[in-house]
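Okay, so here's the structure we're looking at.
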Amino acid sequence: MGLSDGEWHLVLNVWGKWETDLAGHGQEVLIRLFKSHPETLEKFDKFKHLKSEDDMRRSFDLRKHGNTVLTALGGILKKKGHHEAELKPLAQSHATKHKIPIKYLEFISEAIIHVLHSKHPAEFGADAQAAMKKALELFRNDIAAKIKELGFHG
């Protein structure tokens, strides 16, 4: 299920566009996630009080967390599937500390695809979207396996 060199090129090319504003794009991804799947907000104690989209847009902490999420994901994507070392601590924290259901990884992947397309439509055509979906699926499958190894099946 790995990606070809051409697919990785498409993924990393559009990712390069995002790196100019990881905090802003990350905040947009989290807003999209919370609006599309309000139940996900309950897993974030420090964001539960953000009831409206305006509250979310004004939140420095949400922007900061968006940066953290996309920085970690970017580091994983740049490994082109050789991300074992990066996944272990991420799986550990998501399974034991945050207890994030595996299904939520699919939800955030959908949000990433949506925001990428809305922000960079020229660079994120059908081929790039397909490649990114494949890369995110690879990430999700690998981290889900690690999370399950830790005994968390949420």
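Using N, Cα and C of the backbone, Cβ positions are placed for all residues, glycine too.
Residues or ranges marked as domain 'Globin' in Swiss-Prot: 2-148. Per Swiss-Prot, phosphoserine is recorded for Ser4, and the stated evidence type is similarity to another entry. The feature O2 binding site is assigned by Swiss-Prot to His65, with similarity to another entry given as support. Swiss-Prot lists His65 with the feature nitrite binding site. Taken from Swiss-Prot, the feature phosphothreonine applies to Thr68, supported by similarity to another entry. As annotated by Swiss-Prot, heme b binding site applies to His94, with the evidence given as similarity to another entry.
Overlay of Swiss-Prot annotations on the structure.
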residue : record              : Cβ contacts under 8 Å, 6 or more apart
Ser4    : phosphoserine       : none
His65   : O2 binding site     : Gly26, Leu30, Phe44, Phe47
Thr68   : phosphothreonine    : Gly26
His94   : heme b binding site : Ile100, Ile143, Ile147, Phe152
Fill in the blank from the handout: DSSP output for His94 (heme b binding site) maps to helix
Exercise for the section: Give the residue counts of the domain 'Globin' (2-148) per reduced DSSP state, in the order helix, strand, coil. Expected result: 119 helix, 0 strand, 28 coil
Completion exercise
The predicted model's mean pLDDT over the domain 'Globin' (2-148) is 93
